[in-house]
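First up is the structure itself, then whatever we jot down about it.
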């Protein structure tokens, strides 16, 4: 994940580098993959055009969606258990404290723009699923379209060939196999075990969260769960932040991570500042800092 900060006063900073930069890219940006650099350039052009902080982060994150940064932003990445790519995004205006977000959105590729439309055209904060898609299309975004790609489907097929391992379920049966799953009886410890499998041997059936992480849950890595988070301060001194992601690879369908959650993935307040974070979103949402 790259948390990129854009200042409208001729300076640009990469929070990872912790140093000021010049010439349109952060010092230390040689370590940033090219698609993220292009997101920075798109945001910086928006600064030069005098756009608002909110529009700046939308421009920057949209570039990352189009380029499918790390395969974790935009369409064509991170298939869920059914092989489908769904997307999450959030924008927050640090002046008005308005938040717009979409989650588990299908059929529409422009998720950060969809999140901005929630602010522009509703009194709500978060729209989810197909209804978020219907709203976005009604407001002018392109769709419906298939968000999967050859790469995402190849990734999903390899996962299926590996007996759907690793995955995000626990305390379910069958063990070390693809679903459909059913719960293991709490009383007996096992539901129906005709093959003689035992709970302790199964990554999907381990009950203790720490053991689940070490034995069978999907490891958190940059290319299977990540996001972009961008904040901007415009020439008026107003702050906004945006995040965009296609979520965790082989997530359970319907899962919402931290990406569209204000105060978990990112937060902005003109009087304080803004920041973003990434990692295991299901853990991060338990410890909201705001």
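Glycine is no exception: its Cβ is also placed from the backbone N, Cα and C atoms.
Unlike curated entries, TrEMBL annotations are predicted automatically.
Keep in mind it's a predicted model, so treat the numbers as computed, not measured.
What TrEMBL says about this protein:
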type: ACT_SITE; residues: 227; note: active site, nucleophile
type: BINDING; residues: 255, 256, 257, 258, 278, 279, 280, 281; note: substrate binding site
>> Between the Cα atoms of residue 257 (substrate binding site) and residue 227 (active site, nucleophile), what distance do you get, rounded to the nearest Å?
In response: 11
>> Taking only the residues the record lists as binding substrate, namely 255, 256, 257, 258, 278, 279, 280, 281, what is the largest Cα to Cα distance between any two of them, in Å to the nearest whole number?
In response: 16
>> Please report the Cα separation of residue 281 (substrate binding site) and the residue listed as 'active site, nucleophile' in Å, rounded to an integer.
In response: 10
>> Return the count of C-beta atoms lying within 10 angstroms of the C-beta of residue 278 (substrate binding site), excluding that atom itself.
In response: 24
> Do you know offhand how many angstrom separate residue 258 (substrate binding site) and the residue listed as 'active site, nucleophile' by C-alpha?
Replying inline: 10
> What's the CA-CA gap between residue 280 (substrate binding site) and the residue listed as 'active site, nucleophile' in angstrom, rounded?
Replying inline: 11
> About how far apart, in whole Å, are the alpha carbons (Cα) of residue 279 (substrate binding site) and residue 227 (active site, nucleophile)?
Replying inline: 9
> What is the separation, in Å, between the Cα atoms of residue 278 (substrate binding site) and residue 227 (active site, nucleophile)?
Replying inline: 7
> How many neighbouring Cβ atoms, not counting its own, are there within 10 Å of the Cβ of residue 279 (substrate binding site)?
Replying inline: 13
